[in-house]
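Have a look at the structure below before the remarks.
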Amino acid sequence: MTYLPYLIAGLVTGSVYGLAATGLVLTYKTSGLFNLGHGALATVAAYLFYELNVHANLPWGLAAAICVLVGGPVLGLVFELIARSLGSTGLSVRIASTIGFLLVVVSIVSLRYDSTTTRVVPQYLPQSSFHLGSTPITAAQVIIAVLGVTATAALAVFFRRARLGAAMRAVVDDGPLLDAAGTSALSVRRWSWIIGATFAATSGVLLAPLLAELNPLNLTFLVVTAFGAAAIGRFSSLPLTYGGGLVIGVAQQLCTKQFTTGVLTGLAPALPFLVLFVVLLISSRRRLSDDSRIVPRSRALVVPWPVQGVGGAAVLVLLAFIPQIDTLHLTDWTNALSYVILFLSLGLLVRTSGQVSLCHVSFMAIGVSAMSHLTQSEHLPWLLALIVSGLIAIPVGAVLAIPAIRLSGLYLALATFGFGILLQYMFYTEHYMFGESGVGLTLSRPAVSWLSVSSDKGYYYLVLVLAAAAAATTLMITRSRLGRLLRALADSPVGLATSGSSINVTRILVFCLSAFLAAEAGALQGVSAQQVSGDAYSPLLSLTFFALIMIVPGRDPWYALFASFGLILIPALAAFSGATTATCLQLLFGAAALLLPLSDRLFRQVSERLSERLPAALPARWKGETSTGPSVILPSTASVAAGHAGSRTPPRLASGSLDTHELTVRFGGVVAVDGVSLSAPVGRITGLIGPNGAGKTTTFNACSGLLRPAQGRVELDGRDVTRRGPAARARLGLGRTFQQMQLFDSLPVYDNVAMGAEARFAGSSALRQLSGTRAQMREVRRAADEAMELCGITDLAARPAGALSTGQRRLVDLARALAGHTKVLLLDEPSSGLDRAETVRFGDTLLEVVGARGVGILLVEHDMGLVTRVCDHIYVLDFGRQIFDGPPADVVASAAVREAYLGGSVAEPATSPDEQSPADTEKVTR
Ligand SMILES: Nc1ncnc2c1ncn2[C@@H]1O[C@H](COP(=O)(O)OP(=O)(O)OP(=O)(O)O)[C@@H](O)[C@H]1O
């Protein structure tokens with residue numbers, strides 16, 4: 001019975017969490033936008049209730065009704081507008097924008113309500129009680145629990161039964177289709193935002209009197225607890241999500257009772273984030289796959305390299321004179337330089353490699369606490385302690401790379417956010433971090449007498465040198481093989497993996513590198529302050545960092561300079577009191593992040609205009625960013641014309657094949673591929689045809705290692721590769737293109753093609769991913785030149801792949817696959833998006849490629865004109881089963897194939913656009 005009061009208290013708070021989480025999941029399900037600022041909606045409602053009930057003395061019922069029935073829908077409408085503006089933007093912009101909303105709310109509330117006054121919302125619900133055993137239960141507790149259950153049940157029933165509910169479910173799958181059916185997807189989404197925000201507002205109003213005092217941050221983070229509940233509901237089921245809220249509420253209360261000392265004292269507040277982190281880690285990959293792209297696409301104002309070089313030198317000279325110019329704020333300048341390193345580390349992760357970290361302040365906290373303990377307790381020499389502090393963060397970065405490997409997009413963002421809060425609640429107060437006392441840690445300056453770096457001035461110069469070194473290192477990394485792999489990873493992880501490079505190794509590398517640099521930044525900044533406490537490393541800061549890294553313009557290392565100086569120097573140099581200026585700035589950053597879609601568009605237009613004007617005045621090689629390595633030596637027309645005199649052309653392949661044996665792939669109860677055995681030998685084009693949904697792409701995915709077959713084998717040159725991953729298969733000679741092309745859109749064509757060869761050299765070794773030998777780079781250039789020539793795209797070398805027509809992109813895709821010594825190439829509907837003439841030319845190219853290289857091609861295609869013209873042998877699938885195979889003439893003549901797929905007649909294969917009849921070009925899409 002001693003547990004009963006905790007159980008009841010847990011059910012009450014859990015009910016509020018569940019309510020908030022249900023609203024969150026509803027809006028996520030219907031709009032695809034996960035609102036990281038959902039807690040801020042509850043904060044707005046709670047403060048509105050405080051104003052109406054406590055200040056304006058409105059009866060609580062009326063105040064609550066206004067907050068929930070007016071405030072909630074208005075907030076919902078605002079968010080619907082935000083969601084609409086985010087429509088087609090990348091995931092990073094969406095995350096930044098909702099974080100922006102959260103920052104705006106927290107800042108406005110902080111500015112409006114000074115922190116010196118304690119604000120309490122009185123318990124307004126009836127407090128009369130009855131007893132269950134010896135435990136009193138108040139009417140307020142019963143009302144909250146009943147309200148939570150009823151509202152969620154009503155929503156679940158509405159979602160299942162009502163017309164609008166059905167439309168809400170339909171809008172998840174296909175908004176345009178819903179529009180076509182006569183129901184406005186826009187209005188359906190608007191309703192879901194209204195309902196979702198109303199649920200959040202209700203939770204805010206219910207939660208307010210349960211808190212010892214109103215505080216925007218605590219309130220926002222308390223409702224963030226909803227993330228854990230949403231994870232239990234797999235971000236999809238409303239009842240399960242509500243149940244998740246209850247489970248978390250009860251478990252939190254039980255932890256509070258059970259763990260009163262040691263590391264587990266922090267378990268209760270950390271529990272929702274622990275749940276979030278664990279659920280994300282153990283959920284099946286497919287369930288939580290999120291293909292949204294992360295990279296900010298239009299942050300690239302192209303400034304010529306010489307201008308950047310001169311600018312960089314000028315900035316360095318200016319910074320060198322700061323101790324003479326501004327002695328008053330020297331510590332702030334030193335801090336700002338430490339933060340340059342932090343933003344470089346975050347930029348490497350977010351801007352270069354398209355990963356997300358919403359816990360970067362945690363690495364700083366690790367760095368600063370390690371630095372303090374190593375110098376104060378272990379008495380390590382200062383420089384050694386600085387290096388070891390960074391090294392200590394590396395395993396933590398590697399741990400964080402685990403969710404990065406398993407998850408992507410939004411779920412990675414949530415996992416890192418959960419990780420940061422977990423670290424704060426559970427470990428900040430441990431003796432090996434900031435300790436329980438709250439006094440904080442002491443950090444001392446380096447004591448090198450002949451360098452006098454212990455003075456403010458000396459230490460400033462030391463940090464300046466280290467920040468410049470970090471900037472130079474980051475620049476070198478982004479221009480090395482690793483940099484190219486990181487950018488390719490950001491553009492298309494699948495494209496990189498099927499080119500031969502292990503993307504898991506790349507992810508671990510970048511997380512470790514970023515963690516090291518962030519910890520160094522933390523240590524340097526801590527030493528500058530000389531006394532730090534855990535409060536300075538609130539997880540909210542990680543959100544501000546992310547918002548900042550997204551909104552600042554400029555390429556590396558400039559963005560780091562702008563972000564750091566904006567965050568640290570402006571508040572320090574401004575005339576107001578530090579706290580107010582910092583809050584105003586937070587508001588500004590939040591607003592900028594919120595308006596990111598708008599500024600993104602504007603920025604793109606301006607940068608495109610500028611880039612268009614620059615070429616006239618400057619040599620082409622100064623324009624824009626083409627990565628170094630392969631692209632520094634673009635193939636000259638002369639070298640192509642000379643046939644690469646002296647270069648080693650790969651010998652024509654004589655033997656080898658890709659074979660499947662009784663291959664079976666299942667998706668739950670669906671048998672997508674059912675015992676398929678086929679062979680695609682080198683030197684021939686083999687077709688794989690069948691109606692939509694026959695299992696062709698699934699067969700390709702199983703062959704290339706993107707899917708594990710339930711049964712059967714895949715062999716390459718007689719070698720069983722069934723258990724190998726896509727990168728390993730690519731290195732053994734299996735190339736692949738995709739119907740939805742997986743090019744590295746931000747890279748020039750040349751780098752795309754070169755990556756086909758370079759990814760294989762990079763492979764799965766961390767060392768080889770870092771950089772390549774000269775011989776390898778020569779070979780990469782040769783392979784890229786030859787593949788581009790073979791595909792006729794040499795003149796496109798310097799163009800960004802994202803700017804090409806579909807036909808050109810198909811050729812780039814083909815060339816990239818060919819650059820990697822491919823033996824057998826899987827082409828998935830390569831004519832998709834091509835016009836008639838382009839399709840015929842593409843067919844010619846395929847024949848040339850097979851003729852010149854002797855590679856084998858397995859071709860999935862609906863264009864029967866192309867298939868019958870180029871293929872030597874064709875396999876036909878229907879409902880996952882192989883129904884026929886033979887030469888084109890036999891396939892076309894087969895009654896079974898006609899019945900299953902071809903239908904009426906198929907014209908004789910054409911050889912040129914002129915000879916081709918319209919029937920040839922009709923794609924069979926039965
Ligand atoms: N990830 C998945 N989860 C569940 N079912 C899937 C998945 N991918 C494919 N399927 C199902 O497997 C079957 C085969 O699909 P697949 O995409 O391989 O067909 P296809 O022959 O390539 O079709 P198309 O010509 O339209 O590309 C279909 O019933 C499809 O709905």
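Glycine too: its Cβ is placed from the backbone N, Cα and C atoms.
As annotated by TrEMBL, transmembrane segment applies to 6-26, 33-50, 62-83, 95-113, 133-159, 191-212, 263-282, 302-321, 333-350, 357-374, 380-402, 409-428 (among others). The annotation domain 'ABC transporter' is assigned in TrEMBL to 658-904. Taken from TrEMBL, the feature region 'Disordered' applies to 904-926.
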Recorded stretches the transmembrane segment (133-159) and the transmembrane segment (95-113) touching, at least 3 CB pairs under 8 Å: no
Feature contact check the transmembrane segment (333-350) with the transmembrane segment (33-50), CB under 8 Å, 3 or more pairs: no
Confidence summary (mean pLDDT) of the domain 'ABC transporter' (658-904): 89
Cβ contacts under 8 Å made by the transmembrane segment (95-113) with residues that lie 6+ beyond its boundaries: 33-37, 39-40, 43-44, 47, 79, 82, 85-86, 89, 119, 214, 216-217, 220, 356, 358, 410, 413, 540, 543-544, 546-547, 550-551, 580, 583-584, 586-587, 589-597
For the transmembrane segment (263-282): best-contacting stretch of 62-83, 333-350, 409-428, by Cβ pairs under 8 Å: 409-428
Top partner of the transmembrane segment (357-374) among 6-26, 62-83, 380-402 - counted as Cβ pairs under 8 Å: 380-402
Leading contact stretch, 6-26, 333-350, 380-402 vs the transmembrane segment (409-428) - CB distance under 8 Å: 380-402
Residues of the parent chain within Cβ reach of the transmembrane segment (6-26), under 8 Å, 6 or more residues beyond its termini: 34-35, 38-39, 42, 132, 135, 137, 141, 144-145, 147-149, 151-152, 155, 159, 168, 192, 195-200, 202-203, 206-207, 210, 223, 225-230, 233, 235-238, 241-254, 256-257, 272
Close approaches to the transmembrane segment (380-402) from elsewhere in its chain (Cβ under 8 angstroms; 6 or more beyond its ends): 281, 357, 359, 362-363, 366-368, 370-371, 374, 415-416, 419, 444-448, 504, 507-508, 511-520, 522-524
